[in-house]
């Protein structure tokens, strides 16, 4: 997990972040759910909380898609911490 | 029952093999492999029910996510049961669970997560300067790349752009999530 401050003052080469994805998406909405997995066929006593996220994103053509994924609590806390870092930096840029 | 099966020497190895197969999903841990590696003197006919018994015990312990008190009670009861286990074997099983509990539990949690997970996250913040073509004022933007996927499948990479307003909107939602987590984790 790497964050970097980059002042793009001049034309730079294709940013590394774009290399694997097909162009950037705009976030329309961020929906979340805190779930608790109680039991399953392989484990009667699961008892683990998780955060389920549904992102509504739009590409350049305006087409809206839903992207969902899950995070464990430690993963969520890392995600939250990274966002706070971004917020702190974007304020100063 | 063969004397080797009553002993506990190779039981630890057997439990490791069972964990590899049952929880960690490693292929190729057959009953013949376990027998030939750990109990070569025992016939397959005698080995099979013994293996099934140990597998059942391990699965029961993992399924109930037993704490150490529950584990002791469970194993003690088994030592008193006809066709159960010896106290030496109970000690080996107890030691095994104590050292593998966390890893096995993690495997079980992963197995029951059917949506994609967040595999990695990277980001940067760009500051857009003025350009001669537009009267664009200084608008910083955060670019975030999320890698989402599940095991055995190729990841999808999402590249998201956020302006400062959007970052703060999402941050507010994330603090709501954190609040919910705190409420959930509060002792009853």
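Every residue, even glycine, has its Cβ placed from backbone N, Cα and C.
If you look up Swiss-Prot, you'll see B:100, B:109, B:133 marked as Cu cation binding site. As annotated by Swiss-Prot, domain 'COMM' applies to B:117-185. Look at Swiss-Prot and you will find B:1-122 tagged as region 'Sufficient for interaction with SLC12A2'. According to Swiss-Prot, the feature region 'Required for binding to PtdIns(4,5)P2' maps to B:124-188.
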For residue B:100 (Cu cation binding site), what is the secondary structure state per DSSP, taken as helix, strand or coil? helix
DSSP assigns the residues of the region 'Required for binding to PtdIns(4,5)P2' (B:124-188) as 22 helix, 26 strand, 17 coil
